[in-house]
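Accompanying notes for the structure given below.
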């Protein structure tokens, strides 16, 4: 795959969607045509599964079944959108990917790491991110942001969970970033949007320069 695959990870209210939009604008200013996508979702099949997951209907079947649903959505997303875009040399910006499954289903769902690694390997079939930006913010602050962003809309099932669960996920993301420093860049998300965006642009521009694309 000849393109560049960048994923954004972090807890609720970390600002992933905002930073994806800002980075996409920056890339367009440099002549790129980035693909913006999300998980769960990003392809027709994956979006159908997204509705089942976020509605809470999947909770009935337990975390193992839910992890398989995420994996099925991811496999379709990779095959239908991500892999073809990368083959065309596009830059793909994805809101959540494998690390969210590791944190949400693996850690707080108490699923075995071997089980999670097996379904991850099948779902992505080699489509690992070139760069993962882990936006870090304490759980309480992130949930406050998410509530303000949501306004009068109903919180999804993940936002409704206890603060301790959200903090456990935060620690899971931090551990992933610590274990995979070559892929993951930890970003302090408890700052202004502009400062966060500046750091992200710097990281991405460095990679593009190294690849001779900028």
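Every residue, even glycine, has its Cβ placed from backbone N, Cα and C.
The ATP binding site annotation in Swiss-Prot covers 10, 11, 12, 13, 14, 15, 16, 17, and the record cites sequence analysis as its basis. When Cβ atoms from all protein chains are considered, those within 10 Å of residue 14 (ATP binding site) total 26, not counting its own.
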### Query
Across all protein chains in the structure, which of the binding-site residues 10, 13 has the highest Cβ count within 10 Å?
10
### Task
Please state whether DSSP places residue 11 (ATP binding site) in a helix, a strand or coil.
coil
### Query
Once 10, 11, 12, 13, 14, 15, 16, 17 are set aside, which residues in the chain still have Cβ within 8 Å of the Cβ centroid of the ATP site?
135, 137, 142, 145, 146, 189
### Task
Identify, in sequence order, the residues in the chain of residue 15 (ATP binding site) that are 6 or more apart from it along the sequence and have a CB within less than 8 Å of its CB; answer 'none' if there are none.
135, 137, 145, 189, 193, 196
